[in-house]
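What Swiss-Prot records for Ala2 is N-acetylalanine. What Swiss-Prot records for 32-125 is repeat 'WD 1'. The annotation repeat 'WD 2' is assigned in Swiss-Prot to 126-175 on the grounds of similarity to another entry. If you look up Swiss-Prot, you'll see 176-223 marked as repeat 'WD 3'. According to Swiss-Prot, the repeat 'WD 4' annotation covers 225-270, on the basis of similarity to another entry. Annotation source Swiss-Prot lists repeat 'WD 5' at 271-314. The feature repeat 'WD 6' is assigned by Swiss-Prot to 315-371, with similarity to another entry given as support. Per Swiss-Prot, repeat 'WD 7' is recorded for 372-404.
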Amino acid sequence: MADKEAAFDDAVEERVINEEYKIWKKNTPFLYDLVMTHALEWPSLTAQWLSDVTRPDGKDFSIHRLVLGTHTSDEQNHLVIASVQLPNDDAQFDASHYDSEKGEFGGFGSVSGKIEIEIKITHDGEVNRARYMPQNPCIIATKTPTSDVLVFDYTKHPSKPDPSGECNPNLRLRGHQKEGYGLSWNPNLSGNLLSASDDHTICLWDISAVPKEGKVVDAKTIFTGHTAVVEDVSWHLLHESLFGSVADDQKLMIWDTRSNNTSKPSHSVDAHTAEVNCLSFNPYSEFILATGSADKTVALWDLRNLKLKLHSFESHKDEIFQVQWSPHNETILASSGTDRRLNVWDLSKIGEEQSPEDAEDGPPELLFIHGGHTAKISDFSWNPNEPWVICSVSEDNIMQVWQMAENIYNDEDTEGGVDPEGQGS
């Protein structure tokens, strides 16, 4: 009986999701300046824009690259680098041109060939997360279903994977007992990599000190303050010795690598009422960070007074798994998760007055809801070179590259507000 009910619930949910998607699609020309939808061969659990951009002469597009991974059933997995063509601002755009088969608009010339897989490197098991080293973007670290963290220099691998299916990372980083997701390169100390694991620990490696012949590197330090699965870890963006971690023990911890005590953080906060899944430091304001949780909220913190939560962002209907500050705007951050939505928030709008109708759509700081995914969003990344462009990937193989309409974030004209999800009120 329960099985029948579950099947019925699933069917109803699927119908609702399809209905919502149709409404979203109908409204895309009003809500976006760009939407590209691409079905990957396998879902990617990870997405990160690389820092480089190519602007070919005489073309109305620029070429950007993404680090992705695969999560296959039983087939060979790969670390993937893809290229994406994005239209220049002056490209002739016709938002009414929406190819419903391809699911793309904001097209320029032909809409084909905008997203191409350039490099595939054989990987052991799915790629839980992949992040490039800021000082040398050819170096990419990955989290695997085993306890090892792998490091690849993609310039030392052929762009087509070895048919033998052998995974040959340039380094294997040892120290964990279990898998995990959190991974962070130090932006100020080249080669310093942090990793968070289900084994309740955080490992730190320094790969810049590795002898040329050694392929296996042991952790330099292991931090053991959390009492449950550590979900995410992130270096502070300005202070080379500070980092933050969040875990299923509902805590946010701030650590200093100069301290000799690896089992006690310099600060520990009961951050949420459920597991804390992600954190992000603000790139413009050295004291500000955000955490995202299974309690469906994003919390805002000030390192100078962690006892007091600055704000709680509430609109998600399920667990939040990723939070990222915009690289271009100090007050903008985005969050995503199980509810298939990516919310963009604007701190500067906290506390603004709202009409009762507007309040029904969400709090004033909720700038935009990206409703284009029909499955859980695994990861997303702000494009570092094109303001307001985001790439998001979901569990149903879909990757979307999109940019909200300029009139949404340039709100000189505040008359006639748009429901952020374009679903009417």
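Glycine residues also receive a Cβ, built from the backbone N, Cα and C atoms like all the rest.
Non-local neighbours of the repeat 'WD 5' (271-314) in the same chain are 228-229, 231-239, 244-248, 250-252, 254, 320-325, 327, 330, 333, 335, 337, 343, 345, 347, 350, 363, 365-366; each lies 6+ residues outside the stretch with a CB under 8 Å from one of its CB atoms. The local packing around Ala2 (N-acetylalanine), expressed as other Cβ atoms within 10 Å of its Cβ over all shown chains, amounts to 6. Within the model, the repeat 'WD 3' (176-223) carries an average pLDDT of 94.
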